[in-house]
Each structure stands twice: as structure tokens, then as C-alpha cells.
Amino acid sequence: MPDVQKVLFVCLGNICRSPIAEAVFTHIVKERGIRDKWEADSAAIEGWQVGSRPNHRARETLKHHSIQYSGRARQIESEDFNEFDYIFGMDENNISNLKEVAPRDSKAKIFLLGDFDPEGDRIIRDPYF
């Protein structure tokens, strides 16, 4: 059996965009029967919301789509860059911050999640700004 691929979704506060991305990703791999091949988590650039549940709008959106999520906000740590295979930021600022704090020899590949949108909407906008 191949190694489990680990994916980390990152946004500014880890209370809207990244927890939704984590929950949707986990839901999709479970639906496709490949949950044993993937592990997902999410984290924040900043530590303001550490320990908080996702924003009520994020929770309502997930509930509306029958997607469960029980995570709490956490801030990204230097170990994450070697723990995860892929780290996805939601916008260009996230990518810039991630590249700035990534250890030089980290294994994680950093991508903008929107680059994988077939409709070409690259930036996943922060609902707070």
C-alpha cells in the first residue's frame, strides 16, 4: 500500500476558507473510496483565532451541503512543512507568508488552491475583507 499523502489547507485565520477546504476535501476522498490514501488538516497564518470553531457562516455552509467538520483553528508550525506533502494557500498573501516561513529544506510543495480550479478563479477570497 502506498504512503498516505498529507494535505494542509491554509488561510489567514483558519475559521472560514481553510476549514471549508479541509472538510470538502475529506468529504470528496471519502465519497471516492480513497480516504485511506489521503489525510487533510487546516491551519492559520496568524494566531488570533487559535482554538476557535469555524465562523458561523462556514459551519452553516458545510451543514447545508451535509458535510461534517469538527476541527478547531490552529496556527501553522514549522513542523508542518515537513509533515505535509502539499500545502495550499487560499490567496497570494497566504502563499507569500507560507514561502516566507517555510524552512529551506521542507518537503511540502506550496500551491495556490485556486490554481486547480477548472473555471480559473485563482483567488479564494477572504469573506472578512
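Start at 1 and count along the chain as shown; that gives each residue its number.
The backbone N, Cα and C atoms fix where each Cβ goes, and this holds for glycine too.
The annotation domain 'Phosphotyrosine protein phosphatase I' is assigned in TrEMBL to 5-129. Summarising the annotation, TrEMBL assigns active site, nucleophile to Cys11. Taken from TrEMBL, the feature active site applies to Arg17. Positions annotated as active site, proton donor by TrEMBL: Asp126.
Sequence-distant contacts (6 or more apart, same chain, Cβ under 8 Å) of Arg17 (active site) comprise Phe9, Cys11, Met90, Ile124, Asp126, Pro127. Counting every protein chain shown, the Cβ of Asp126 (active site, proton donor) has 15 other Cβ atoms within 10 Å. Using a 10 Å radius centred on the Cβ of Cys11 (active site, nucleophile) and all shown protein chains, the other Cβ atoms total 27. The residue listed as 'active site, nucleophile' carries a strand DSSP state (E or B).
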